[in-house]
Amino acid sequence: MVYFWLTIQTLIASLTHIIAKAVVKEITPMTLTLLRSGIAGIGFGFLISFSKYRRVRIAREDKFKFFILGLLAVPLNQGAFIFGIKYTTPGNASLIYAMTPIFALIFSALFLGEKINFYKVSGVLLSFIGIGIVFAEHGVNLNIEYLKGNIIIMFGAMFWALYSILGKPMIVKYGAVYVTGIALIVGSLIYFPVGLYDFLRIDFSGVSFGSWLGVIYLGVGTSIFGYFLWYYAIGKIEASKVVVFTNGQPIITAILGMLIFGNPITLPFLIGGTLVVAGVFLVQLG
């Protein structure tokens with residue numbers, strides 16, 4: 001049964017890139033980030049208030065850590081993702097986020113002194129060669145918007161990797177669901193003044209019903225339900241098996257992007273994507 005739910009989680013994550021790309025055509029990135037994080041923050045607020053987590057008390061020395069996690073989770077990660085998806089393809093966004101373990105390894109080696117071996121070094125090099133092929137597909141001079149979107153998405157993946165590293169000891173201490181919930185609540189509060197400025201300037205009369213459904217999907221489906229399924233799977237089977245499903249997301253997203261938006265699955269994407277996924281596998285193997 002766990003593999004069924006993990007498959008659902010993979011589809012949810014893959015559709016996130018597709019739906020965000022569609023919604024951002026009608027709602028600005030700043031406002032979409034506000035709506036998505038606000039829905040997730042309120043949802044987790046209710047969950048924590050009416051569950052066993054309401055008894056949890058945050059230690060004084062951890063309060064600033066939760067502030068940093070919130071900053072990384074919403075304004076930096078989600079903000080960069082939604083801004084970047086406006087300019088690049090869903091397939092590219094999914095492929096870049098598949099590099100999160102690569103960025104996590106680099107940060108861990110730089111700041112935590114994690115030892116790296118031949119497999120890990122080879123994996124990092126392969127992944128960067130692969131993503132370089134994808135970035136250069138249209139040429140810098142031919143499509144600067146496309147390149148800009150890819151770079152912004154890459155920063156989002158880096159912020160997510162930092163969140164994963166810094167959040168790991170907090171998850172051990174407080175639990176995955178609680179840490180995720182508090183981080184999203186704090187992050188939505190940090191982002192609120194910035195997003196509100198843009199929100200008040202938008203004419204929502206031109207926003208379609210489908211886009212509103214997309215907003216709900218991003219807030220509830222991705223940020224709440226998707227997280228639940230992810231941590232449920234992590235608790236039932238080995239993390240290495242869960243990651244295999246994660247590595248399949250770029251393939252599913254690229255196929256959906258082709259079917260829905262007509263984004264072609266090009267040879268550079270196939271070559272670069274193969275190298276990225278192979279690199280991630282090598283890092284996990286190491």
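Using the three backbone atoms N, Cα and C, a Cβ is placed for every residue, glycine included.
Remember, TrEMBL labels are computer predictions, not curated facts.
What TrEMBL annotates here:
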DOMAIN    3-135  domain 'EamA'
TRANSMEM  30-50  transmembrane segment
TRANSMEM  66-88  transmembrane segment
TRANSMEM  94-112  transmembrane segment
TRANSMEM  119-140  transmembrane segment
TRANSMEM  146-163  transmembrane segment
DOMAIN    148-283  domain 'EamA'
TRANSMEM  175-197  transmembrane segment
TRANSMEM  209-230  transmembrane segment
TRANSMEM  242-261  transmembrane segment
TRANSMEM  267-285  transmembrane segment
**Prompt:** By Cβ distance under 8 Å, which residues at least 6 away from the ends of the transmembrane segment (267-285) in the same chain are close to it?
**Reply:** 91-92, 95, 98-99, 101-102, 105, 119-120, 122-134, 136-137, 240, 243, 247, 250-251, 254
**Message:** Should anything in the same chain at least six residues away from the transmembrane segment (30-50) have a Cβ under 8 Å from its Cβ atoms, list it; otherwise answer none.
**Reply:** 20, 23-24, 56, 74-75, 78-79, 82, 177-178, 180-182, 184-185, 187-189, 191-192, 194-199, 202, 215-216, 218-220, 222-224
**Request:** Examine the transmembrane segment (146-163) against the transmembrane segment (209-230) and state whether at least 3 Cβ pairs sit under 8 A, considering only residue pairs 6 or more apart.
**Result:** no
**Item:** Averaged pLDDT, computed only over the residues in the domain 'EamA' (3-135)
**Value:** 91
**Asked** Apart from its near flanks, which chain residues at least 6 from the ends of the transmembrane segment (209-230) lie with a Cβ under 8 angstroms of it?
**Response** 5-6, 8-9, 12-13, 15-16, 19-20, 22-23, 25-27, 32, 35-40, 43-44, 47, 177, 180, 184, 242
